[in-house]
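Chemist: Below are the features I grabbed from TrEMBL:
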- 341-360: transmembrane segment (TRANSMEM)
- 367-387: transmembrane segment (TRANSMEM)
- 371-497: domain 'SSD' (DOMAIN)
- 393-415: transmembrane segment (TRANSMEM)
- 436-460: transmembrane segment (TRANSMEM)
- 472-499: transmembrane segment (TRANSMEM)
- 535-556: transmembrane segment (TRANSMEM)
- 866-885: transmembrane segment (TRANSMEM)
- 892-912: transmembrane segment (TRANSMEM)
- 918-943: transmembrane segment (TRANSMEM)
- 964-983: transmembrane segment (TRANSMEM)
- 995-1021: transmembrane segment (TRANSMEM)
- 1032-1052: region 'Disordered' (REGION)
Amino acid sequence: MLHFFIRRPKFAMVLALIIVIAGCLALRLIPVEQFPDITPPVVRVSAFYPGANAGDVAQAVGGPIERQINGVSHMLYMESNSSNNGRYDLSITFANGTSADMAVVEIQNRLSQVTAQLPPEVNAQGITVRKRASNILMGISLTSPKRSHDMLALSQFARQRVRDALARIDGVGDVDVLGARDYSMRVWLKPQRMEALHISTDDIITALRQQNVQAAAGQLGASPTPATQLQTLTLSGQGRLDSPAAFSRIVLRSNAHGGMVRLGDVADVALGAENYQINASVNNTSGVLLMVYPAPGANALRLVTAIKRELARLSADFPEDIRYQVKFDASESVQSAIKEINQSLALTLLVVLLVVYLFMQRIRATLIVALAIPVSLLGTVAVLYLMGYSLNMLSLFAMVLALNIVVDDAIVVVESVERLMSDSPGKTALQATREAVTQIAGPVIATTLVLLAVFVPITMMSGISGELYRQFALTLCAAMIISSITALTLTPALSALLVRRHATPVTGGFARFNRGVEALRDGYVRVVGYISRHAWIGIAGVVGAAAIVWGCYRMLPTAFLPQEDQGYVFINAQLPDGASLMRTDQVMDQMYQQLAANPAVEDVIKISGFSLISGTNASNTGFAIVMLKPWRERPSVDELLPAMQQQLARIPSAMLMVIAPPPISGLGNAAGFDLRLQALSGQSPRQLARISHAIIMAANQQPALQRVFTTFSANSPELKLVIDRQRAAMLQVPIERVFATLQTAFGGTLAGDFTQDNRLYRVQVQNEMNYRQRSEQIHHLSVRSNSGALVNLSQLVTMEPTLGTPFLTAYNLFPSVSVNGSGAENVRSGETMRVMEQVLRDHLPPGYGYSWSGLSLQERQNSGQILYLCLAAMLFAYLFLVAQYESWSMPAAVLLSVVFALAGAVIGLQLTGLTNNIYAQIGLMLLIGLAAKNAILIVEFAAKRRAAGENLMQSALSGARRRFRAVIMTAVSFIIGVIPLMLAGGASEQSRQTIGVTLFAGMLAATTLGLLFIPALYLHIQTLREKCHRRFSGENPHKNKKDKDENAPSHR
C-alpha cells in the first residue's frame, strides 16, 4: 500500500487537487471571526415602573421575577439592576452550548406565571425579553450638520427608518437609540391653575382616558338585514386624538350654563419626548446614537459587513441634511488582528521555504516540500468548514504553526530519498523513494499519532477555555493528518518523478554551509558520546530541566487571556451623589475638551445619564467610548491609559476612570477583575455599601492592586415622605390617591396613546418643569377626597431628608455590589484575583459573601488545569507510542526529552514578562508533541540499529548522526518560522507574542539541549531494560540478530 502512489503518481496528484479545490471552495464560504462561539448566551428581561424608586422596583418587580426565573435550565448566574428612574433590567447568563432561542422561550413561560404579581403600571408598560450579548458591536451617529432637523425629528427618523431596518438583519440582537427623543404627547400640568379652577390630577387622568379612546362604531346595513337593504356604510369617527390642539380641547368640567374647563386651561400640551434622561453626542456634536448589540453566537465580521451594506442602502433615501457615520466598530481590531496574522502566515511561509532551500540546496526538492503546504492548509480549511467551525484567531494561529509543522514530514521524505541516492550511487530515484518510504513511514505515523495524542485530553475540556483549546487542537490535528497523508502519497510520487542525483558537487556558499553542518554534526556526536558515557549527566540534565519547569512555571504571572490593544478605551464618569444631568453634561464636555487635545484620539462618543460599568441610568453618571487612531500612528493602550488618566485628573468635579475593554467581547464591560459582594443575611443597602467601601479601601492599599472601585453608593440625597394616614382617613383621602398624585406630578403617568405617522405613541401627564424643582412645591399639590373636596397635600404629607441609593443590584437573588479593579504595573489578573481574595478573607465579615463574574469567573474555573493537561497529554502520548512500537521503554526515552522544551518555554516567558495564559498553555501542549517528534526520529533509528545487532553505544550514536540533518532542518525551519509571531506588533500582538515566545524558546531549548540528551536517554533506558531482561530470561534479546530485518520493530 505504501508504494501504490509511487506507482500511480497521477492518482496522488488528483487526490491532492481534490483537497485543494475543496479547500478553496471552503475558504470562500467559511465564516471569519475573532474567537469561536465561546461567549455564554445572555437573555435580558426589561421592565419599567413609572415613578418608582430603586427600592420599589427591586421589591415589587425584581423580587417576583427573579424568584420565578431562578433555576431555569442551564443558568450560570443572573444579575439585576433596579434604578431610581423606574427601570428594571435582568441579565440571565447561560452555560456555553445552550440554545438562546430555547432559553428565551423558557423565560417567557416563567414570566407568564408571575405577571399577575406585578404592579398594573408595569404590565401596562410591557415586559420585554431579548437574547442579546452585553457587548456593543457598532455605534452609528445620526446628525443634522446644518441643524435643519431638531432632536425630535432625528429621533423619529432613527427609530422608523434606521433602527427597524437594522433590527431585521440576521444576527442583530438589539439596537438601542441613545439620546433619542421619542414622540410623546406631553401634558405639562400647572398646579396653581389647577388649584384655582378646583381641578385635581385624577380629574385630568380620568378625562384623558375617557375622551381619548380608540372607537369602533360598526356598520349601517350590515348583515343580517331586510331584503330591501341596498347599501352598507362603515361608521367612523375621531376617537383617538392626534394633535396638541385636540388634546387641549378635552373637557375637564362643564355646567348647565355652558361653562367649561378644558385641559388647555390647566396645562400646556405639546408634542415632546417620552424621556429626557440620557444625552448623547459624538465629538461634541449633538445627535442620535444607535448602539448595535449582536445576538448570542452572531459572527461579528459578517454582521458588521451586513450592517454597513444596509446603511449604504438606506442612506440613498435620507432626507437632506441628515448624515450617518459609523463612529464605533468593535470589529476593526478583529479585522486588523486577522490581517496581521495573515501577514505572519505569508512571512512564515517565505521563511520556511528559504530555510528548506538552504538545507535542500535544490529547487526541485524545495518545490516538492512547498507543494505539501497548500494541500495541508487548504485541506484543513475544508475540514473546519465541514465541521461547522470558523476561521478565527485560534484556528489562524494553528494554521501559522501548522505551516511550520506540515513541511516536516515532507522534508523527512525528500531528505531520505536524497540521502539514499547519495549513499548508493546505483539507486534510481524510484528505488530510493520506495526504500525511503519504507524507512520513514513508521516515524511519520508515530510523530503524527503523538501530536494527536497530546491534544486528546483537550477535547474533553468544557467551558470557554475548553472551546478555545478545542478549536486550536482540531485545526492542528486536521493539518497534521492531512500532512501525513500528503507525505505518504503526494510527496513520494513527486520525489520519484522530480528528484535527481547531484550531477556536480555542491560548491560555493552551499558547500561551506554543508561543511559547517557536518562539523556541527561531528561536534554534536562527540558531545552525545560523552554524555552517553556518563549516566549522571543525563540524569542531572533531566532532573534539572524538570526542576526549572516546576519552579519557573509556579512563578509565572497568570491570566485567562492577554489584554490586547483593541483600538478603543472606555471612560466611566461618576459625579457626586444627587448631581443633576446638567452637571453631568458639563463634566462630559470638559472631558471631551481634554481628550480632543490628545493626538492619539480619533473620535469620542459620550453619553450622559448612563453608567457603562453598572449598566444603570443615573443622572450623576456618564460614559464615553474613545476611538483611537490606527495602531501604527500612536502609542499602545498600555502607554495611553495612564497618560489619559492623568490628563482627566484635571477635572476635579467627577471621578473619571479610563478602562480598557475586556479581552473577550460579551464577558464583562471592562478589563480587570469583576467581583460581586453579596449580602447573604438580609443586610440593608447602607450596610452593604459600608462594607463594600471598607473592602475597596483595603484593596487600594495593596501594592498589587490599583483603581479598585464601585459605582454603588447609599449616600444619594433623598426626601422621605411621611403620610399622616390617620388624618387622611379623617379627610376621606385614599392613600393610593396620594401616591398617584405624587407619581403624576414628579414621575409622570401614562394616560393613553395617540397616533402619529401610523405609529402608536404615549400620552404622559406630568408637572411642568418649574413645578418640579423644590421640595416645598410638593405642598402645592391637591388631591380629591371621596367627598369631592380638594385636600392640599400640606395637610397630609411631611418631608424628612434622608440618604438612599440611585440603583440597586442583585446577583443570584442576593443584594450585591459590583467591584471592579485591575493590577498594578506588571501584575497580571491571576495575581490580582489572589490578592483580592486575601483582602476579602481578612476584611469581609460573616453574613457576606462574594462571587466572581464575567471573565474573572472563567479564569477562576480555568485555574490550575494546565498542569493536569500536560500530564494527561504526556500519558496519552506515551500510551500511543507503546502501542506503536510494542515497547514500554523506548517511549520513556522520547518523552523524558520533552522537559527540556518545557524548561526553555517557561524561561522564555519569564524573561519577556509575558503571562501564563491560554496561548502560552496551547504552546506548552504543542511543545510536548514537537519535542517528542524530534526524539522519535532519533530513537526509532537507534532502536532499529540495535535490533540489527549494533551495540548500544554504536546504535545511539548512529541515530544521532544519521538523523541530525533532518532534525536540525525541521527544527530550524520551525524556530525561524515562529519569529514573525514573536516579534508581532499592532492588534493582537500580545497573543501572537505569547505563543511565539513559548514555541521559539521551547524549540530552541529542545534543539540545543534536548538533542544532546535524547541518545543518552535511549542508551541508559535500553541498557536498564536489557539488564532486567537478562536477569529474568537469561538471554540477550539482541544477540545474533544481524540477519534480522532492519525495519522490524523490537519487541519488549
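Every residue, even glycine, has its Cβ placed from backbone N, Cα and C.
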Chemist: The transmembrane segment (892-912) and the transmembrane segment (995-1021): do they have three or more Cβ pairs under 8 Å, with pairs 6 or more apart in sequence?
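Modeler: Per Cβ check, the transmembrane segment (995-1021) touches the transmembrane segment (892-912).
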Chemist: Quick test of the contact rule: Cβ under 8 Å, at least six residues beyond the ends. What residues does that give for the transmembrane segment (393-415)?
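Modeler: Sequence-remote neighbours of the transmembrane segment (393-415) are 34-36, 337-338, 341-342, 344-345, 348-349, 352, 356, 359-360, 365, 368-369, 372-373, 376-377, 380, 384, 436-437, 440, 443-444, 447-448, 451, 468, 471-473, 475-476, 479-480, 482-484, 486-487, 491-492, 495, 499, 919, 922, 926, 930, 933, 937, 965-966, 969-970, 973-974, 977-978, 981, 988, 991-992, 995, 999.
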Chemist: Within the same chain, where does the transmembrane segment (367-387) have neighbours whose Cβ lies under 8 angstroms from its own Cβ atoms, ignoring anything closer than 6 residues to its ends? I mean 6 or more beyond.
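Modeler: Sequence-remote neighbours of the transmembrane segment (367-387) are 16, 19-20, 22-27, 29-30, 349, 352-353, 356, 360, 395, 399, 402-403, 406-407, 409-411, 414, 474-475, 478-479, 482-483, 486-487, 490-491, 494-495, 498-499.
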Chemist: Residues of the same chain, at least six outside the transmembrane segment (892-912), with any C-beta under 8 angstroms of its C-beta?
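Modeler: Residues 450, 541-542, 545-546, 548-549, 552-553, 555-556, 870, 874, 877-878, 881, 920, 923-924, 927-928, 930-932, 934-936, 939, 993-994, 997-1006, 1009-1010, 1013-1014, 1017-1018, 1021-1022 contact the transmembrane segment (892-912) from elsewhere in the chain.
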Chemist: Where else in the chain does the transmembrane segment (964-983) make close Cβ contacts, counting only residues six or more beyond its ends and a cut-off under 8 Å?
Modeler: 343-344, 347-348, 351-352, 355-356, 359, 397, 400-401, 403-405, 407-408, 411-412, 415-416, 517, 520-521, 524-525, 930, 934, 937-938, 992-993, 995-997, 999-1000, 1003-1004, 1006-1007, 1011
Chemist: With the transmembrane segment (436-460) as the reference, find which of 341-360, 472-499, 535-556, 866-885, 918-943 contributes the most Cβ pairs under 8 Å.
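Modeler: Looking at each of 341-360, 472-499, 535-556, 866-885, 918-943 in turn, the most contacts to the transmembrane segment (436-460) are made by 866-885.
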Chemist: Going through 341-360, 535-556, 918-943 one by one, which has the most CB pairs that fall under 8 Å from the transmembrane segment (866-885)?
Modeler: 918-943
Chemist: Across the domain 'SSD' (371-497), what does the mean pLDDT come to, as a whole number?
Modeler: 82
Chemist: What is the three-state DSSP composition of the domain 'SSD' (371-497), stated as helix, strand and coil residue counts?
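Modeler: Tallied per class, the domain 'SSD' (371-497) gives 111 helix, 1 strand, 15 coil.
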